[in-house]
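Report on the following structure.
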Amino acid sequence: MKRKVGGLMQIPGKKRRVPLPRILTLGFLVLILIGGLLLMLPLATRSGHTTPFIDAIFTATSATCITGLTTVNTAVHWSLFGQSVILALIEIGGLGFMTFSVLPFVLLKRRVDLTTRLLIKESLNFEKLADVSSVMKYVIGLSLAIQSLGAALLFIDFYPHYGFSRGLFMSIFHSVSAFCNAGFDLFGNSLESRPNDVYLLLVISALVIAGGLGFLVWRDLLLFNRRKRLSLHTKLALSTTGVLLAGGFVFFLLTEDNLAVLAPHVSTGNRLINTFFLAVTPRTAGLTTIPYSEISIAGILLTIVLMFIGGTPGSTAGGIKTTTLGLLTLQTWAVLCGNRDVEFGHRRFSDQNILRALMLVFISLTLVIVAGVILTATETIPTRYGLEYVIFEVISAFSTAGMTMGLTPHLTVIGKLIIMLLMFLGRVGIYTVMFTVLNASHPRKGYRYPAENVMLG
């Protein structure tokens, strides 16, 4: 029998208390280890040879953290068994292993205990404990419904090319990968060979956007007819997402001249779809129809920014999240206008909310800079590239975007370890990992020092 005390899980008869974030962190580590060991089996490769431990663990980390960066070609290296292991890791990592742990309770209509609900709250980034019970059926049901619909739509496209059995597996794999914003593909070169398959690009784009919006946003939208209102979280998430999609599309349209590089074999209309796809996928989906070696420096920088921002909290996407960007933008505007409060949608944001957003961005930038400095020392940068070659990969890993300019397959062992750490931090969450490492459960001080200002700017 376990009891929950002050955010910790306590086992009667023992003094040791296990913080909930530590359980989540260790849970993901165990899942990665199991996945890595399965991928090391000769059965997991087409050649029948054992995959080196570092590459198997790297792939398991990338799949569990729904990133998509790989040191080996997913389509060529792994057998059907290996690809199935990757698919399972993507699904479990995308929806959260705690979600699957309560699936039997949901199916049997059994009550979920308090400790488990607290773990789900942490893993899915819910704000309120009450959200857990009411949202779980949406998380599971909606996810399966969207992925099933996506697989059915993709099967229409894949069946003529791959037959029934392979076409069905390809459909399920890419539907799950797109919805979970994982970035894994079984084509061998992302979607670079299919820029004219408009149907495929539109289905994948819809799945990516659906997965990146987040479960709380979808619940709000599904219940809108009954409630006649949207939460502040949903309003901010939808507004920021809309601006990023529209702004990214227009920017890429201008900087890449409507992807003129594809002009010899792709029509103008299809290039517009490809440009939209280019604006959708950097926000942690990791799929592309054009090599980034063909993208301008301006386009690469925009991609880096979009990857860093990512999707919505409580979704399968990574990054600092759309709500963080929206909140800090509103905060900046409020300061410039001399307003004391940060307001949006007839609501006011709390000071703690703003400070948390600032801390998230600061820590994220610090991690990216430190990792970038280390990789510039350990990795070889091709002469035709500059610092963006490393920064692109670092932010892609941290935001779980999974896009690459070609560095990942050639990483040194140190480089692979750095990228794995970034993927893990990006998926599990900075707060969760910091709590685990620092054990931030110490009692607050009962006093405060006098306030004093310093010069800024």
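Each Cβ is built from the backbone N, Cα and C atoms, and glycine gets one as well.
Sequence annotations record features per position, and here TrEMBL assigns transmembrane segment to 20-41 (among others).
According to TrEMBL, the feature transmembrane segment maps to 84-108 (among others).
Among the features that TrEMBL reports, transmembrane segment is placed at 135-156 (among others).
Positions annotated as transmembrane segment by TrEMBL: 199-224 (among others). Remote same-chain partners of the transmembrane segment (199-224), defined as residues 6 or more beyond its termini with a Cβ less than 8 Å from a stretch Cβ, comprise 94, 124, 126, 131, 134-135, 138-139, 142-143, 146-147, 150, 153-154, 156-157, 174-175, 178-181, 191, 230-231, 233-234, 237-238, 241, 245, 273-274, 276-277, 280-281, 283-285, 287, 289, 310-317.
What TrEMBL lists as transmembrane segment is 236-254 (among others). Beyond its flanks by at least six residues, the transmembrane segment (236-254) meets 209, 212-214, 217, 230, 272, 275-276, 278-280, 282-283, 298-299, 302, 306, 309, 311-313, 322-323, 325-327, 344-345 of its own chain at Cβ-Cβ distances under 8 Å.
Only residues 6 or more beyond the boundaries of the transmembrane segment (292-311), in the same chain, are considered here, and those with a CB under 8 A from a CB of the stretch are 181, 211-214, 241, 244, 248, 251-252, 255-256, 261, 278-279, 282-284, 317-322, 325, 364, 368, 388, 391-392, 395-396, 398-401, 403-406. The transmembrane segment annotation in TrEMBL covers 292-311 (among others).
Feature annotation from TrEMBL assigns transmembrane segment to 354-377 (among others).
The transmembrane segment annotation in TrEMBL covers 389-407 (among others). Listed as Cβ neighbours of the transmembrane segment (389-407) (distance under 8 Å, sequence separation of 6 or more from its ends, same chain) are residues 62, 65-69, 181-184, 281-286, 288, 292-293, 300, 303-304, 307-310, 317-320, 364, 367-368, 371-372, 375-376, 379, 381-382, 415, 419, 422-423, 425-427.
The transmembrane segment annotation in TrEMBL covers 413-438 (among others).
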Subject >> Same-chain residue ranges lying at least 6 outside the transmembrane segment (354-377) that approach it to Cβ under 8 Å >> reply: 308, 320, 324, 327-328, 331, 342, 387, 390-391, 393-395, 397-398, 407, 414-415, 418, 421-422, 425, 430-431, 434
